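Features as listed in TrEMBL:
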type	residues	note
DNA_BIND	46-65	DNA-binding region
COMPBIAS	211-230	compositional bias 'Gly residues'
DOMAIN	23-83	domain 'HTH tetR-type'
REGION	1-25	region 'Disordered'
REGION	210-230	region 'Disordered'
């Protein structure tokens, strides 16, 4: 009886160790895939290269993932929840504070998830007759991020219309994309760019609340109006 109990404990311990090794190998594969895809894009990524970077045999990769598309889809899914939490988390009650928090969230992803950001930007740019699952997942979740940012803006500015909130949120995320690309050159002042970007978002929201955005007002902006009067 005692012998069977001991054997059972040993079996359970072996199962836990096997599962832990499986989780560790999966993590290494995903990190390697993100790095390779961030450097080479979807088409340039191969199981052989991921195997080389991860230090694991191709058979181990295929044990976890059916093919390259499934692997990169998992990379996006594993990373995107963290990304969403960072780019849509804000607690400030004032518009400028909330927008600054959102921009800082985007900035954090530059240092914490650079490979992931490079991968998803490449996925967004690379279009094919048959879309990879990874690209479909990213575009769907990017849309969710825009909706969350719009909700954050409306939370601090309830008078902001849904259409204007979505416009400002789309602009906010697109501006973050541009700053990330600028940061890749190594000589961009990312902090200054984000301060400027936050100011632009605040101005856009305040303009919208004043009824002069989205073509609702015939007066246009002061600078454009001044040009017409001359």
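Even glycines carry a Cβ here, placed using N, Cα and C.
The average per-residue pLDDT of the prediction over the DNA-binding region (46-65) is 96, rounded to a whole number.
Helix, strand and coil counts from DSSP across the domain 'HTH tetR-type' (23-83) read 53 helix, 0 strand, 8 coil.
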